[in-house]
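Asks: Quick one: the structure is below, and I'll ask about it shortly.
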């Protein structure tokens, strides 16, 4: 949306038919409240342009039209309920200021949308995402809207019940190399990391169902290898099979993987779209946990002045759609994310949210054993450690790499921050060698 275009809209004498209101003048249970960062050139009236944006995302267009009557407006118009300038100039805008920055709140009638994630995105992001400086920061959902969603089928407690692990973070391994053939190579690595002590093995997000590594071949080989490892170690391991594909293949992949024995699914939820994640999570025939991978997320959240905030795109929304585990960036490895944002995303996964179960945060991206105490210090025990190369690159092999991470988790849960000291005191050679990588 070009802010320089002349936009006109009709104002009615009835306040309830206009695209603005006091926060106290609306029923919060009838509206989804979107909070935005917006910036406008100095000469523009922020109160008028924000109302134009509200109309653009509800009843209006760039000119008044006959059908947009007061009655239509009363039922369906979005309303600006807050425009707050930062800093809050009261006397005058300084001459040197060219762009003025605002926090804006717009209330959208949720019945315009229904409990549909595709229409939610079309409404709260939609056309206005083309404004040069506009970023969606948060969405406040009314309880009645959220009643239409089931959320995670397992959640934190359910995944822990499946694995029988209650008192520590879980350990996940991504098979490396990311893309490989034949499937036997991955199955061999899966056996090694499973017997070394990982709780979850996931396909890389880049490997789903290519001709050279079909789900029909891969899943039986992986599950046989994992079953052997579980028998040896006396613990259970989940295998998250990547079912990502276009519709309807993604749903067919999920059905096929489960028929072949898969006990967990992985989907690249932003590549497929939130409705696909939701369809998998709410399918009664799918009785396994679902892991949601973050790829494509950077296109939404990385810009400080446009897009969608990380706490929404990585936090609240995948949880609402039904993810049991959400993969997202950790600030301690190769992924760029501020530590406070990474913590805030985890809060969106775990804090109370009506009837929606908490889900596991899974910080990822270049994680090494030395980072585990930081992860535990910032997130506690209810998260999943995501380790890929940090396990497979261990000089004594993947099983030793997995043991090194388990040792690091044990140390962190005992309050150790100096892993070398802990490893030396307990003669843990796997951890000592991992700390040298």
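Positions of Cβ are set from backbone N, Cα and C atoms, glycine also.
I grabbed these lines from Swiss-Prot:
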- 176: active site, proton acceptor (ACT_SITE)
- 293: active site, proton acceptor (ACT_SITE)
- 202, 204, 205: Mg(2+) binding site (BINDING)
- 202: N6-carboxylysine (MOD_RES)
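On this model, are these features tucked inside or out on the surface, and what's nearby?
Replies: Within 10 Å of the C-beta of residue 176 (active site, proton acceptor) there are 19 other C-beta atoms, taking all protein chains into account. In the three-state DSSP reading, residue 176 (active site, proton acceptor) counts as coil.
In three-state terms derived from DSSP, residue 293 (active site, proton acceptor) belongs to an extended strand segment. Counting only residues at least six positions away in the same chain, the Cβ atoms of 205, 244, 266, 267, 268, 269, 327 sit under 8 Å from the Cβ of residue 293 (active site, proton acceptor).
Neighbour density for residue 205 (Mg(2+) binding site): within 10 A of its CB lie 20 other CB atoms from the protein chains shown.
Note on residue 202 (Mg(2+) binding site): other Cβ atoms within 10 Å of its Cβ, all shown chains, come to 28. A strand conformation is recorded for residue 202 (Mg(2+) binding site) in the three-state DSSP classification.
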Asks: Quick one: Cα separation, residue 176 (active site, proton acceptor) versus residue 202 (Mg(2+) binding site), in Å?
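Replies: Approximately 10 Å lies between the Cα of residue 176 (active site, proton acceptor) and that of residue 202 (Mg(2+) binding site).
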Asks: Name them in sequence order: residues not among 202, 204, 205 whose Cβ is within 8 Å of the mean position of the Cβ atoms defining the Mg(2+) site.
Replies: 174, 175, 178, 203, 206, 207, 240, 242, 266, 293
